[in-house]
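Trainee: My questions will all concern the structure given below.
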Amino acid sequence: MLEGARLPLKGWQQAAVAVGSAVGALLDPRRADLIAALGETTGKPAFERVLERMKRSPEGRAVLLERPRVISANVGHAWDLPPNTFGAAYAKFMGSRNFSPDDRPPVRFMETEEIAYVATRAREVHDFWHTLFGLPTNLMGESALKVIEFEQMLLPMCALSVVGGSVRFSDKQRKLFYQHYFPWALRAGMRCTDLMCVYYERHFDEDLEDVRRRWGIIPAPPPPQLHAA
């Protein structure tokens, strides 16, 4: 059983948690627990659709059957892989930011183990997507990835996060995001494969550029000023 996975809420309780989490997350975007609660309380229909897609995909079915967890005990070997591999790129992404795969808050508000696992998986593969798309973890990068996540899963929380993120942009950042990163993210999210149906851990030892091509990943473009020379 997933720890803390089944705390079913009544309708009014779910709405109260959703509203409280949304307000709290806007006031303090660093509160990962509030953002997670918002995603769970508003995302059940989206997670149910993802579950059905995973059941129709051979690799997705394997993920559902084996229920891999992205925790240190399971992905630590990525740090020992050759530098050209997807696993090594993920390890570099995590290590350069002093991130641990064990730091993500547990899923708490899902009614069934199956949906709880899908929500957990969506949360835990987030850093794989950062790695594949070459996105930083600053506000710009997180907002761009939320656009891709929305296109992939139609989670309301992702759309709300983009709106909330753009509110905190400076005028210059907002212009850069909507003119440069937002159009790229829309295109990237539509072009790539169904990312929730990928068993990432089985591809750690494969070349990063090979898996990007196979999964239709368009890496994030550099800021426009880098083109000027």
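Each Cβ is built from the backbone N, Cα and C atoms, and glycine gets one as well.
Nobody curates TrEMBL annotations by hand; they come from automatic prediction.
Heads up, here are the entries from TrEMBL:
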type	residues	note
BINDING	His126, Asp127, His130, Glu142	Zn(2+) binding site
Trainee: Inside 8 A of the center formed by the CB atoms of His126, Asp127, His130, Glu142, which other residues of the chain have their CB, for the recorded Zn(2+) site?
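Mentor: Surrounding the site, in chain order, are Phe128, Trp129, Leu135, Thr137, Gly141, Leu145.
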Trainee: Out of these binding-site residues, His126, His130, which one has the fewest other C-beta atoms within 10 Å of its own C-beta?
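Mentor: Taking His126, His130 as the binding-site residues, the minimal 10 Å Cβ count falls on His126.
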Trainee: When you measure from the Cβ of Asp127 (Zn(2+) binding site), how many other Cβ atoms are you left with inside 10 Å?
Mentor: 19
